[in-house]
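Record features (Swiss-Prot):
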- C6-C26: disulfide bond (DISULFID)
- C12-C31: disulfide bond (DISULFID)
- C16-C33: disulfide bond (DISULFID)
Amino acid sequence: AAAISCVGSKECLPKCKAQGCKSGKCMNKKCKCYC
């Protein structure tokens, strides 16, 4: 999966859910998705 840049964790959640993942958070300016 391509790295998704982010500023805050709340912007990762919809992007991760769009990839079929349950949740996600922002770490080191990249989204980390938990599938």
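Heads up, the Cβ atoms here are built off N, Cα and C, so glycines get one too.
Annotated features taken from Swiss-Prot, shown on the structure.
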| residue | record | DSSP class |
| --- | --- | --- |
| C6 | disulfide bond | coil |
| C12 | disulfide bond | helix |
| C26 | disulfide bond | strand |
| C31 | disulfide bond | strand |
(request) Could you measure between C26 (disulfide bond) and C12 (disulfide bond) for me? Cα positions, answer in whole angstrom. (result) 6
(request) Could you measure between C12 (disulfide bond) and C6 (disulfide bond) for me? Cα positions, answer in whole angstrom. (result) 7
(request) Inside 10 Å of the Cβ of C12 (disulfide bond), count up the other Cβ atoms and send me the figure. (result) 23
(message) Rounded to a whole angstrom, what is the C-alpha distance between C33 (disulfide bond) and C6 (disulfide bond)?
(response) 12
(message) Whole-number answer please: how many Å between the C-alpha atoms of C6 (disulfide bond) and C31 (disulfide bond)?
(response) 6
(request) Rounded to the nearest Å, what's the C-alpha distance separating C16 (disulfide bond) and C31 (disulfide bond)? Just drop the number here, would you? (result) 8
(message) As a test of the contact definition, list every same-chain residue at least 6 positions from C31 (disulfide bond) whose Cβ is closer than 8 Å to its Cβ.
(response) A3, I4, S5, C6, E11, C12, K15, C16, G24, K25
